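Pulled from Swiss-Prot, these are the features on record:
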{"type": "DOMAIN", "residues": "12-95", "note": "domain 'PB1'"}
{"type": "ZN_FING", "residues": "127-177", "note": "zinc finger"}
{"type": "REGION", "residues": "181-238", "note": "region 'Disordered'"}
{"type": "DOMAIN", "residues": "253-522", "note": "domain 'Protein kinase'"}
{"type": "BINDING", "residues": "Ile259, Gly260, Arg261, Gly262, Ser263, Tyr264, Ala265, Lys266, Val267, Lys282", "note": "ATP binding site"}
{"type": "ACT_SITE", "residues": "Asp377", "note": "active site, proton acceptor"}
{"type": "DOMAIN", "residues": "524-595", "note": "domain 'AGC-kinase C-terminal'"}
Amino acid sequence: MSSPTSVEEDGDIKLKTRFHGQVVVLYARPPLILDDFFALLRDACKQHAKQDITVKWIDEDGDPISIDSQMELDEAVRCLNVSQEAELNIHVFVGKPELPGLPCQGEDKTVYRRGARRWKKIYLYNGHRFQGKRLNRRIQCFICHDYIWGIGRQGFRCVDCRLCVHKKCHRHVRTHCGQTPQGPNVPVAPSSGVGSLRGGRLDTSSSTTRSGGGIDNGAFHEHEIESPGSAKDMSRSTNGNGASKWAVSLNDFRLLTVIGRGSYAKVVQAEHIATRQIYAIKIIKKEMFNEDEDIDWVQTEKSVFEAASNYPFLVGLHSCFQTESRLFFVIEFVPGGDLMFHMQQQRRLPEEHARFYSGEIILALHFLHSRGIIYRDLKLDNVLIDAEGHIKLTDYGMCKENINAGDLTSTFCGTPNYIAPEILRGDEYGFSVDWWALGVLMFEMMAGRSPFDIVGMQNSEENTEDYLFQIILERQIRIPRSLSVRASNILKGFLNKDPSQRLGCKLDINDGLNDMKEHDFFRGFIDWEALEQKAVAPPYHPAVESDRDLTHFDHQFTDEPPQLSPDNSAVIARIDQSEFDGFEYVNPLQMSREDSV
């Protein structure tokens, strides 16, 4: 069997190998010989030559099939050719099961559910371990010399030698990892008068190499226009001692109280000392970004925060900064709490209340979709209520960017109760999953419970995530008789298990928006132009005495002290700080307002 680093040919077999939380993608030329095949997998998984491994491939029905003999390997390749699949999906486990038929160490049924775990994907070629990176700086591909930036131009960077190429070019690399590249793989300033399109705008900015040498990550750099006299030029102006005029740090804020906490971050209410403005600060420890957790979702969240900053129904960004141990997002503080807290007080909402909230949510989702963003995490907890009673969506870490009309993605993600059937089936999906989640949320608002409530099941085996997914996929949704015909029909429209028939799911997203606006549940009840201008009076006005009022936040958070734990020097020493280059950001509109105070 030829090495996976050989020249690309149509007959090469793509091996997508999952091992210990990573996906290693490599290529081999048939015929595949069992001993060579196992040696190749051991090398890709960094196991020594005599280490016992168990190898299983996934057939077209999603079932794992062991490969222990040449005959079984040949059968896997034959099935791959018959099915015309693009790749052979393989799982590798260390050791052998104690008895035939028993699972291997680390093997359970969730391992084989498509996308059910977050896998860190690495492409192995010529000794390089390429990983997808958002290279927003103007960096030239080592192979084709074109710039690596923008939609359809995903960058790959070797995690060892930092060589950068387009995804489409990585199999043309002839330089072995560790050799000195002889190419233009450094950030390059554009020629005079020549710009690049960033986010649909002309960018005439220049790029610089890092003072420490090497290739700048560029993953976090902003998309704004840089022109003489622009707000961004002002943001980078300096005072007499050379410090940035608008530099933001933890010293600029007084931490007041914890207002939320999630798996990856906590959110603290804070006062901007100079202006006494109140903000929320989302704090993420850098140490969580290890081999099992990639930084891409933080990059995505920052990018979406920037896009959302001036839209009325989305939480916007004030600034970003970092310390050696943490990342900080300074965002709008929304004092009315979230819909989850509101629902806990009200139990269920009148239809006119649900109509108002869902109308504003529709506009927020359409705004994201029009910018190529799938939200993917709509739930009661992520819908905030401002001081006047309008909603704002927050938490963009689950978003998927760069989705155009007709584009699809396949990552398994979301909050279990809101995950759309197409995700559970392992199908590729688009904006449809957000409209399904809206249907679930509207059901919760008007019925006071989830359409898939499994709490209290007698059989403990039924009270599980897998059983919940089975219900979402198979069980017919029963609409409460207490709801009006209009409400019942719109819930049926959004909760259609077939995304092609689901309300709002048209190839042209504007056609989908019009279908929702013209539905009986909304038609004649909402002036959509006035709604988008926040000129429609909210049905509920939270009693907020001041911007420091925490009445609408759960005491399990607000009773917690906001202090940050002391830094651990040993932990900090293990953090690759270059991964966070360019994370800092200030919103020019916010900062110019503060200058005028």
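Note: Cβ is positioned from N, Cα and C throughout, glycine not excepted.
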- For Ser263 (ATP binding site), the three-state DSSP class is coil
- Item | Distance from the residue listed as 'active site, proton acceptor' back to Ala265 (ATP binding site), taken between C-alpha atoms, in Å | 16
- Task: Sorry to bug you, but what's the C-alpha spacing from Asp377 (active site, proton acceptor) to Ile259 (ATP binding site), rounded to the closest Å?
- Result: 19
- Near Ala265 (ATP binding site), how many other Cβ atoms are within 10 Å of its Cβ? 22
- Message: Test of understanding: give the count of other CB atoms lying within 10 angstroms of the CB of Ser263 (ATP binding site).
- Response: 6
- Calculate the distance in Å between the alpha carbons (Cα) of Asp377 (active site, proton acceptor) and Val267 (ATP binding site), and round it to a whole number. 17
- Item | For the binding-site residues Ile259, Val267, the one whose C-beta sees the most other C-beta atoms within 10 angstroms | Ile259
- the domain 'PB1' (12-95) - residue tally per DSSP class, helix then strand then coil: 25 helix, 30 strand, 29 coil
- pLDDT averaged over every residue in the domain 'PB1' (12-95): 87
